[in-house]
Every structure is written in C-alpha cells, then in structure tokens.
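Here the structure comes first, spelled out in structure tokens, and everything after it is commentary.
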Amino acid sequence: MTESKAGNSTAQREFHLLAFLSHEKLQVLIFISVLLVYILTVCANLIITALVCLVPHLHTPMYFFLCNLSVQDIVYVTAILPKFLAITTAGDNSISFLGCMIQLYLHISCVSGEALLLTSMAYDRYVAICIPMRYSLIMKKSVCVLLASVSWFIGATNGFMYSWLISNFFFCDRHEINHFFCEMKAILGLSCGGFQNIKIVMIATCAIIGLLPFSLILISYGNIISSVLKIRTSAGKLKIFSSCCSHLTVVVLFCGTPVSLYMKPESENSQEIDKLLSLLYVAVTPLLNPLVYSLRNKDIINAIKHITNLYFWGSFACNDIDNDVIYN
C-alpha cells in the first residue's frame with residue numbers, strides 16, 4: 001500500500017452527490033414530484049402498519065408480512081429521499097463518509113429483505129389458494145415469525161457485508177458521486193481499483209437474493225394460476241387473475257430494475273439512465289406496495305372504516321368486516 005493511497009483513504013471523509021443538479025430547469029418539478037411521492041409513501045405504509053397492529057381481524061399471515069414490508073419501505077425511502085430533497089432545494093449535496101456508508105447499508109438491507117419478504121408473501125398465497133385445507137397448519141405463527149426474521153437478518157447481514165467491504169476501498173482524490181444517493185455502482189466508480197472481489201460477491205448475492213427469490217415467486221404464482229384455471233366461476237377467476245397480475249407487476253418492477261441497472265452495457269448516457277431508473281425504483285416501488293397489496297383490499301378498506309368510526313365517531317358500525325382473507 002502506498003503512502004499516498006493510505007493518506008487518501010483516511011482523508012476522504014466526505015462525498016458530494018451530483019444528483020440531477022445539471023438539469024436546473026427541472027429542479028422544481030423534481031422536488032415537488034419526489035416530495036409528494038415521499039409523503040404518500042410514508043403515510044400509506046404507516047396506515048398499513050397501524051391497521052395491522054390495531055385491528056385483530058388483520059392478524060393473519062398475509063397482513064403480518066405486509067406490515068413488515070411497510071416498515072422496510074418506510075426505512076428505505078427515509079434513508080434516501082430526504083437527503084435528495086435537500087440537494088434539490090438547498091443544493092446541500094455533501095454527505096459524510098459515515099453517512100454515505102449508512103445510506104448504502106440501509107439501501108442494500110431493505111432491498112435484500114424486501115425480496116425475501118415478497119417471496120414469503122407469494123408462498124403464503126400459494127398455500128392459501130392451492131392447499132387451503134393445510135393453510136393453518138403450514139402458515140402458523142411461529143413459521144411466519146421465522147420467515148420474517150430470516151428476511152430481516154439476511155438483509156441486514158448483506159447490507160453490513162457490502163458497506164464494510166466498500167468502506168475499506170481507496171477512493172484517491174475523487175469525491176463526486178454521480179448519483180442522488182450513495183449507490184454501490186456509483187461508489188465503485190470512484191475507487192482506485194481492486195474491486196474484482198466485490199464483483200464476485202455481487203454476482204453470488206444477486207443469484208441468491210435476487211434470482212432465487214424471483215424464481216420462487218414465479219413458481220408460486222404459476223401454481224396459483226394453474227389452480228385458478230380449475231375454478232368454474234368466471235368471477236372467481238377474474239378476481240384472482242387481477243390480483244396476480246397486479247402483484248406480479250410489483251415483483252417485476254422490483255426485481256427487473258436492479259437487473260437492468262447492473263447487467264446492461266455501459267454507454268455515454270449510462271449514468272443519467274441509471275439515475276432515472278434508480279429514482280423510479282426508489283420512489284415508485286415503495287408507493288406501489290401498499291396500493292397494490294393493501295389499500296385496494298376490501299379487508300383494509302373495512303378496517304379503515306372501522307378505526308375511523310371507533311376513534312373519530314365513537315361508533316362500532318363497521319363490525320361486520322368481511323371474513324374472506326384468502327385472496328384479495
């Protein structure tokens with residue numbers, strides 16, 4: 001290790017996020033759009049979390065996983081978007097080395113954990129639709145807690161591994177990250193080299209935490225669709241097909257965007273495209289999750305009415321919440 005490299009590695013305690021500062025005419029539009037999405041995302045996911053905690057009727061495996069998903073989405077967007085909003089309005093684009101590593105850790109942890117949670121949710125739906133007679137036996141409380149705990153643990157471990165590896169890199173004299181947050185690919189572009197090992201780790205973890213869960217999700221929904229085709233009533237088919245399509249849309253967006261980011265060939269406009277895709281991924285996906293999985297769900301709507309009447313009107317008019325939670 002040369003002395004200059006050692007000096008640079010210890011002196012580099014601050015980065016500058018370039019974000020979309022080169023697009024001055026779009027700053028106001030970007031700020032308003034991202035702020036609106038951030039507020040809606042946090043509020044929608046807080047509503048889901050509160051409802052699942054407060055309404056006993058929602059204490060089922062499906063809503064338990066949704067609650068965990070909502071908490072991860074809140075952590076995810078809060079780790080990234082407030083800083084991005086500060087950059088857009090005040091031009092405060094500096095971030096400390098520690099702050100950058102924390103942001104990277106939370107980003108990777110939440111993405112990894114969410115991939116595993118979505119897999120657990122797909123399996124839950126598979127058991128509910130394909131083998132309903134054994135649903136209560138298979139998806140018992142201890143199993144659900146174990147699946148959720150494993151998702152959080154693997155996500156946290158994966159995030160720690162990457163943030164620790166990258167924190168030991170040498171960044172020479174470069175400190176401008178051409179992104180709106182401390183994204184791993186953008187940070188690696190600042191290093192002086194020697195990141196071949198982390199590329200191998202990336203391929204391995206993408207296969208285990210990316211492709212494997214995605215494959216299991218597709219298998220689960222494939223079996224669900226196969227079972228649905230055996231249903232005689234067209235109304236029942238339409239309802240489940242509609243839910244399957246909306247759920248798969250979220251999964252494809254969630255899994256497809258990172259693949260397109262890390263697998264596509266580099267080009268002159270590659271970094272700008274990466275930022276746009278990342279913004280779509282960071283801002284839109286956490287908002288779609290509560291909208292697709294919960295807020296269009298009859299049980300959630302009835303629970304909102306119940307809580308509203310109970311706490312704001314002192315009424316119990318909504319005690320007739322529909323008991324059908326097999327698939328919505």
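Including glycine, each Cβ sits where the backbone N, Cα and C put it.
Features as listed in TrEMBL:
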- 44-293: domain 'G-protein coupled receptors family 1 profile' (DOMAIN)
- 28-55: transmembrane segment (TRANSMEM)
- 62-82: transmembrane segment (TRANSMEM)
- 102-123: transmembrane segment (TRANSMEM)
- 143-165: transmembrane segment (TRANSMEM)
- 200-219: transmembrane segment (TRANSMEM)
- 240-263: transmembrane segment (TRANSMEM)
- 275-295: transmembrane segment (TRANSMEM)
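Each of 28-55, 62-82, 102-123, 200-219 was scored by its Cβ pairs under 8 Å to the transmembrane segment (240-263), and the highest score goes to 200-219. Note: the stretches the transmembrane segment (200-219) and the transmembrane segment (102-123) are in contact (3+ CB pairs below 8 A, sequence gap of 6 or more). For the transmembrane segment (102-123), the list of distant contacts is 62, 65-66, 68-69, 72-73, 75-76, 79-80, 83, 95, 144, 147-148, 150-152, 154-156, 158-160, 162-163, 166, 181-184, 187, 205, 209-210, 213-214, 216-217, 220-221, 247, 250-251, 254-255, 258, 293: same-chain residues at least six beyond its ends, Cβ to Cβ under 8 Å.
Taken as a whole, the domain 'G-protein coupled receptors family 1 profile' (44-293) shows an average pLDDT of 85 in this prediction.
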